[in-house]
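Written below as C-alpha cells is the structure these notes are about.
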Amino acid sequence: MNELHFPWLELAIGLPLLGSFWVRKLKSPETARIHCIVITLISFLMTVGAWIDFSQQSAPTEQDAWAKTLGPGFLEIDQLSAPLMPLTSLLLLLTAVTTLRTKLKRFSFAASLVRATVLLAAFACRDPWAVIALLTLSTILPWLELRSRGQPTRIFTLHMAVYIIAMVAGQTLVTVTPDHSTGEMIGIILLVLAVLIRSGMFPFHTWLPDLFQRATFGTALMFVAPMPGVYLATRLLLPVAPDWILRWVALISVFTAFYAAGLTLVQKESRRFYSYLFLSQSALVLVGLELATPIGLTGSLSLWLSIGLALGGFGLSLRCVEARLGPFSITEYRGLYEHMPSLAAFFLLTGLASVGFPGTFGFIGAELIVEGVVQVYPLVGMVVVICSALNGIAVLMAYLRIFTGTHHRTTISLKMLPRERISVLVLTVLIIGGGIWPQPGIASRFHAAMQIVNSRRNLSEPAEQAPDHAERAASPANARWPTWLTGKQSTDPSHPL
C-alpha cells in the first residue's frame, strides 16, 4: 500500500475535532460562525489535497504513513472515498457560510465540527467495525439536538436503535459464521435492514420527514445529504450479499422512489417537500448500487455525487428562504423572484440538476442508471424515468409557488448576502461544470465501480468454483429478478420466483 505525501487525512479529520472545543468556548455566535468557517475551509482543502495526492498515484488504496500503525482499513483513501470526503466537507462548509443571523442561536457550530470529524473519519475507513462505530456516533448529535429543543425523539430513537442493533448483529454473524451458512445469511439480512433504515427506504422512512420537521434544517440536511446509508451498503453489504438479495433491495428502492415521488407532489410544507424529494432521488442511488453491474454501479456512484451537490444546494436554497420567511408552506404563491433573482435561479438549477436535467452533473449518472436497469429489467427502467419526471414536476411547482405568482411586499431587504452569492456560485460551477465536462468524474466512478465488482464474492456457489464476478455481474442473464416483473421465463431451476 502506497503512502500519501502529506498527512492530509489526519489534518482533515483532526482539525474540526480540535476546533469544536475552541468554538464551544466562544460566547458570540457570530464569532463562532466565523471560526467554524475557517476551520471547515482548512479541512476541506485537506480533503482536496488528499484527493489530488491519491489521483497522482496508481495504487488502489493509500494511507498516511503514521496511520499504518492502526493497521489496514483505517484512515485510508480509495477510488470510492476520494471524492466523498471533499463533498462532505464542502456541504458542511457551505452550511456554515449560509447560516444567517436569524439562525445563529439555534444552530450549533461546535456540533457541526464534530459532525465533520465523524463523517470524514467514517469515509476514511474501510474496516467494517470502524465504519459501524463511526456511523453509530453520527446518530448521537441529531438526537441531542432534538432533546435540547424539547422535541419528541421517539420516532428517531426507535429507528436509529434498530439500525444500530442490526448493524452490529449483522456484521457479527457475517464475521463469526462460516461462508454460505445460514448464520451468515441471517447476518446479511440484518445488514440489509440497517441499510434500508439508514437510507430511509419504505417502510422505514418515517424518521426522515420527522427529523426535518423537528430539528434545525442544517442539522437534518447534513445528517442525510452525504448518504451514509449508501456508504454502509458499499462497505459492508455489497462484498458479501448474494445477487438475489441485492435484487430485492433494488425493488424496495424502486418502490420507495416512486412512492416518495408521488408524495412530493402533494406536500404542503417546504421541509416535508424536501425530505420526500430527497428520499425519492436517493433511492435511485440504491437501485443502481444493488444491480452490482459495472454500468449500474458507475451510474449509482455518479448520481451519489451529483445528488449530494444538487440536493445539498437545493436544501441550502430552501434554508435561505426559510431564514427570511420562517417555516413556510408551498401551497401559496409568494412572488419572491424580484427580491432574490439569483437565489431563484439557483433553486431551479439545483432542483433540476437533482433529477438529471441535461447539461448538469446529474444527467450522466441518471442516464447510466436507466441504461443499467433497462438491461436487466425494462419495466423498472420505465419506473425510474417516471420517478425523475414526477420529481421534476414537483420542483417546478415549488419554484413557481415560491418565486412567482404575485408581488411580495416587505419593508425589509430580502436580497442575498455576498457570502450566499459565493456559495451559490461555487455549487453552480460544480454542477454545470460536471455536466459540460463529465469525463473525469465518470472515469473516477467507473474505477470505483470496478473495485466494488471485483471485491464481491459469489455466495450461491463454493468459493473455489465461483466464476470471475466482474464478468458474472456484467451479464444481465444472471440477475435474479422475479419473472412476474421481467416478463421473461427463467431457465434457472434454482430461481426463487
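Placement of Cβ uses the backbone N, Cα and C atoms for every residue, glycine included.
TrEMBL: automatically predicted annotations, no manual curation.
Quick caveat, the model's predicted, so the values are computed rather than measured.
What TrEMBL lists as compositional bias 'Polar residues' is 486-497. Marked as domain 'NADH:quinone oxidoreductase/Mrp antiporter transmembrane' by TrEMBL: 178-389. Annotated region 'Disordered' per TrEMBL: 460-497, in sequence order. Feature annotation from TrEMBL assigns transmembrane segment to 6-23, 35-52, 80-100, 129-146, 155-174, 215-233, 245-266, 273-295, 301-321, 342-364, 376-400, 421-438 (among others).
When Cβ-Cβ distances below 8 Å are used as the criterion, the transmembrane segment (245-266) is approached by residues 188-189, 192, 195-196, 199-202, 205, 238, 273, 276-277, 279-281, 283-284, 286-287, 290-292, 380, 383-384, 386-387, 390-391, 393-394, 397, 479-482, 485 of the same chain, each at least six residues removed from its ends. In summary, the transmembrane segment (80-100) does not lie against the transmembrane segment (273-295): fewer than three C-beta pairs, each 6 or more positions apart in sequence, are under 8 Å. Looking at which of 6-23, 35-52, 155-174, 376-400, 421-438 has the most CB pairs under 8 Å to the transmembrane segment (301-321), the answer is the stretch 421-438. Listed as Cβ neighbours of the transmembrane segment (35-52) (distance under 8 Å, sequence separation of 6 or more from its ends, same chain) are residues 4, 6, 8-9, 11-13, 15-16, 19, 22-23, 26, 77, 82-83, 85-86, 88-90, 92-93, 96-97, 109-110, 112-113, 116, 120. Residues 90, 94, 97-98, 306, 309-310, 312-313, 316-317, 342-343, 346, 349-350, 353, 358-364 of the same chain, all 6+ positions outside the transmembrane segment (421-438), place their C-beta atoms under 8 angstroms from a C-beta of that stretch.
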